[in-house]
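Taken from TrEMBL, the feature active site, 4-aspartylphosphate intermediate applies to D496. Feature annotation from TrEMBL assigns Mg(2+) binding site to D496, T498, D883, D887. Sequence annotations record features per position, and here TrEMBL assigns ATP binding site to D496, K497, T498, E597, F639, K663, R694, T774, G775, D776, R857, K863, N886, D887. Residues or ranges marked as coiled coil in TrEMBL: 708-739. Residues annotated as domain 'P-type ATPase N-terminal' in TrEMBL: 156-198. Taken from TrEMBL, the feature domain 'P-type ATPase C-terminal' applies to 909-1143. Per TrEMBL, the feature transmembrane segment maps to 207-224, 402-425, 437-456, 944-963, 969-988, 1030-1049, 1084-1105, 1117-1135.
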Amino acid sequence: MVGLEMNEQNTSKLQPKFCLLFVQPINFFAQSFSKVIFIGIKQKSQKFSDSNLTILVQQILGKSPIISKKIKKKLLLNLYGKRTGNLLNDKIQQENRSPLLKQRFEPFSIEETKENVVIEQEDKFDQFKDFVFGIQIQKCQRDVYLDGKVNPINKQNNFIKNSKYNAFTFLPLVLFEQFHQFINLFYLGLTITQCISFLKVGFLIDYLGPLALVVAISLLKELYDDIQRHMRDHQINNYEYGLITENGIQKITSGNIKVGQIVEVKCNERIPADLLVLYADDEQGNVFIRTDQLDGETDWKLRKAVKATQNLIKNGADPSSLISQNSYATCQEPIANIYQFSGLFNYRYQKESLSLEHVMWANTVLATGRIYGLVILNGKETRMAMNSKTPKTKFGILDDEINWLSFLLFVMMSIMAGIVTAFSGQPATASVVTVAYIRYLVLLSNIIPISMRVNLEFAKLVYSYKINIDPQIEGTITRNSNIPESLGRIQYLLSDKTGTLTQNDMIFKKLSLASAQFSEEDKEEMKKILIEQCKLNEYPLQDVVNFLNKNNSKLRLKRERDQVFRDLMFALCLCHNVTPIYDGENPKTFQASSPDEIALVKIAEEIGIELLSRDQIQITIKDCIQRKQKYEILNNFPFSSETKRMGIILYNREADRYIFYVKGADAVMKSLVQEHQRGFIDEECENLAREGFRTLVITQKLLTKQEYENWKMKFDQANEQIENRETSIQKAISLLEKDMEFLGITGVEDKLQEDVCSTLENVRNAGVNVWMLTGDKIETAICIAISSGIKSPTQQIFLIKETSDPEKFQQQINTFGVDTNNHLLVIDGTSLNTALTYFEELFFTIATKSLSVVCCRCSPTQKAQVTECIKFYTKKVVACIGDGGNDVGMIQSADVGIGIEGKEGKQAALASDFSIIKFKYLNVLLLWHGRLSYKRSALLSQFVIHRGLIISVIQAVFMFVFYFLSISIFSGGLLLGYSTIYTYLYLLKARMFPVFSIIFDEDVDIKIALQYPPLYRSLQKGRDLNAKTFMVWVWKSIFQGVIIMILALAMFKNIFLEIETVAFTALIFNQYALTLSELHSLHIVMIISNIASAFIYILSIMWFPNQLLVSAMTFQFFFYVIVIVLVSWSPCFLAQKILKKYDPSDYEKIMANVKRELINTKIFK
């Protein structure tokens, strides 16, 4: 502790005594910093100038020799704040961590001095840093006052930003991405060489034109996409909410909402920031929200207002009075966990603990009523933002393969240029050899064709357009036209569950009692039983009460089946968190945190027990003979992932009866019933699970008044504890849960999306491994895995759950690794966190060998992490599909993100690369469009490589023959037309360019592609575009280029213009012939395309006679052209046919089997 008193000797006019309570140096390796906190002021009325304060602080810091000059300067800035005044006082409030600081401080008067100018400059630098890099997330707890103050000060804004660029970053980032491509970077280098006179071999426009065109198209495309994102962001950020002020409720846009403000949110409005609920217009302060955009669950979640502020407004106070209250909420630091929150609300010397049920996360939707909420987190600090990822530009696997092949072409070009330079006989000086080498390199640069980017970019647009207009997948939108080919190379499909595989629509299927089983077809029989029992006994457990009164003891009563069934129906109608909603003349609807509960309440109503009303105090029901019964809710224990059950204690005043109901998962419920009933529960739940049903075990217990009051005392004591409160409460509840009476097991079915099973079967047969990532419970996930076919009938379930011990987890995953093919791995969020923390490589090395994996209780961040890890450790193409806001992270992390527009909104669809309406559309999207897109682009890219390489071979032969002249055999105009102009004729002249006819090629029709998924599997090894196919096309280029040039020289001797004319014409028609021979199917568009292109070529020669020797084009000339084309093309064509017959590829073998099956089918029809 360092103390210091100021007097006239050390400051001329200062008398106040300050006490510096502590200077705490903290060393983290090489980084040291000190935290200095002023927390005492003895003379609050004394005013002083900033310069005197500077002297004071400097002398204080001078007492601490361990603090460096740099740290001292920073401390001065932090301690006396900014020039605007009162900031030292604000700093004291910000650093308030001690109960000693409950006293109020008067504001300081700070005068302008030279030191202020330095601080102002540093403050401007901080503002600039925040503007460029964004405001950083505060990693500390905060106090949020109802009057708008925040401790520490929070500068976050609430603007949503899904766009990738702004006005400053657009050009640099897009140009970086463009020149990240090897071809673009290479042609940029070529363009620069043509600006140097002694390296120039042609016109600058010959190299700059194609490059500028390709980059400009990409820039415009990115600009259009990002403008659309900016427009969507603008719409969200400018949505208006009510702001509670001292002058009433005013309007504020979503983007301008700050921490500490109180906002009004109405029914069906999006929650704009993370809010603490201060008031709800429900009498009890209860309100429901939809969290489907956050956790993927469409179930409504119950939220409660803070009691103190709820009562204040309920008693007639104006909403603006909230601001004047001396109250604040202490909240934990911003974290990503959407299932956790803790805090404390301080109101007039009273404290109320805050939990998850008091807050609403941003991007959830208010389902009922109206609320006033205190903004506790906004912007990047919200749970939604912390679970989201910054969007990035995606490039497909084809782009990577093209880059790799381009590098091989560059190596080949460099070698060819070196060979020509070596044989050219240049003087053996470094400068001359270097210049000659570069000139030859430029002349051979057509080996790497810039037109490949043009062709592929336009091809991608055509693929995207064909996807968008396909009537079989109506409503599908391509939002990222960069990666349609990646749809044909997917090897891992990661799917959400709720709303993706399922419709989240529960249907009652079966009811199993110990002595009977009822299905949905037995409703009439169930109604009869219930009517008879209601006539005999008005209230549940009546036969048990009669027996106990008669025998005056708790002997075990063997109950009849019908009596148990009656109590089971009452339990279904009473043990839940369902609230009926009446909306005028509209039919009654239900709100609940689980669709299972709604399904059970509905079946109870169909049988005869109707739920009339429910609030936090009372439940009112009507039995099958129209008698109303009211039950007071004494205690309610909601379902949680830890307890896996829910319970409720009810009191019926008319019958003077206390009843305790508990329902939950069989894994925990079987330990609560008698031992002889546990075997039945295990067996029956397993049978229902095999049918794909979600199960709940229902139990009850009759309590006496004395039993309840004794237990209530223990429960209240546990509830008053501060430390280990949850553990103590659960221990108290467990005292009641002993020896429960088993009533029955319910089986409900979560309706699957249309054709989910057949779609997943096709996808798996196509060689795609399917993973299910869900935030739902393990039991639910397993049920859906069974019913959807993710788990095959021959597989056993290997479960890893709640494993936080690294050694135990390592043992379990190694055990699973022994036999991955015959087991379905099911892992929960806790165990997955252990895997990601300690055994990331081990886990994904083993797990990715399994055909399917189910991850339960996954947070949005974990979903994205799993996606990234599969990509990293397998180096394979990963696709993710989901429909909720919680799926955005993994969709953006995937190589291919697919969003479904459904009940959970459009956030996933808007963030995806492809959005679809139904899950079954994956069949057509992957097996048809994805497969064709990849096969077409693979052929197109190799054809374009061949087209550039053959020109370079002709150029090389020309230079060898004509004494190594460093001039181009073809003029720049001819080369530009050869590589670009005819490409654009595809767009301008109704598909007339022959190379582009490749993108309409179909090797099979859609029916066969969907019927034989192994056709898709043949693409996954990349055999359509690899080193082998590349070398085949290189051989074709060398052979045809040499033949064309040699025959041209032989037929036209040494007349240069005639050689140029015949070689170029033969080259053009060779391309036409090669195009037709490489296609799998011919249609009228392709034939017309080639004929029209040939005609346009001839016309272009007539229009530009200076490019070629038109006078040489006689009948003999065209005869020689035909001979050259036949000699150069036919050997390649024959060799290709022979190779397919004697050494067929996997694809050709599959196609042979397909044709045989089709022939056999036709024969036996």
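Note that Cβ sites are derived from N, Cα and C of the backbone, with glycine treated the same way.
Caution: TrEMBL annotation is automatic and unverified by curators.
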Recorded stretches the transmembrane segment (402-425) and the transmembrane segment (1117-1135) touching, at least 3 CB pairs under 8 Å: no
Alpha-carbon spacing, F639 (ATP binding site) to T498 (Mg(2+) binding site), which is rounded to whole Å: 19
R694, R857 as binding-site residues, winner by CB count within 10 A: R694
Other CB atoms, at most 10 A from the CB of T498 (Mg(2+) binding site): 30
Surrounding residues of the coiled coil (708-739) on its own chain - C-beta under 8 Å, 6+ positions past either end: 634-635, 637, 643, 647, 649, 658, 660, 662, 672-674, 701
Integer Å distance between the CA atoms belonging to T498 (Mg(2+) binding site) and N886 (ATP binding site): 11
Residues D496, K497, T498, E597, F639, K663, R694, T774, G775, D776, R857, K863, N886, D887 [recorded ATP binders]: greatest CA to CA distance in Å: 30
Same-chain residues at least 6 beyond the ends of the transmembrane segment (437-456) whose Cβ lies under 8 Å from its Cβ atoms: 181, 183-184, 186-187, 190, 193-194, 199, 201-202, 207, 210-211, 213-214, 217, 398, 402, 406, 409-410, 412-414, 416-418, 420-421, 424, 937, 940-941, 944-945, 947-949, 951-952, 955-956, 959, 966-968, 975, 979-980, 983, 995-996
Nearest of the recorded positions (D496, R694, G775, R857) to D887 (Mg(2+) binding site), judged by Cα-Cα distance: D496
Local Cβ density at D883 (Mg(2+) binding site) - other Cβ atoms counted within 10 Å: 34
Same-chain residues at least 6 beyond the ends of the transmembrane segment (207-224) whose Cβ lies under 8 Å from its Cβ atoms: 164-165, 170-171, 174-175, 178, 184, 187-188, 190-191, 194, 393, 445, 450-451, 453-454, 457, 481, 976, 979-980
DSSP helix/strand/coil residue counts for the domain 'P-type ATPase N-terminal' (156-198): 24 helix, 0 strand, 19 coil
Beyond the flanks of the transmembrane segment (1030-1049) by at least 6 residues, Cβ under 8 Å: 405, 408, 412, 942-943, 945-946, 949-954, 957-958, 961, 1059, 1062-1063, 1066-1067, 1070, 1074, 1120, 1123-1124, 1127-1129, 1131-1132
Alpha-carbon spacing, G775 (ATP binding site) to D883 (Mg(2+) binding site), which is rounded to whole Å: 13
Within the predicted model, mean pLDDT of the coiled coil (708-739): 82
Rounded to the nearest Å - Cα separation of R694 (ATP binding site) and T498 (Mg(2+) binding site): 14
Cα-Cα distance linking the residue listed as 'active site, 4-aspartylphosphate intermediate' and D883 (Mg(2+) binding site), given in Å to the nearest integer: 8
Between R857 (ATP binding site) and T498 (Mg(2+) binding site), the C-alpha gap once rounded to whole angstrom: 12
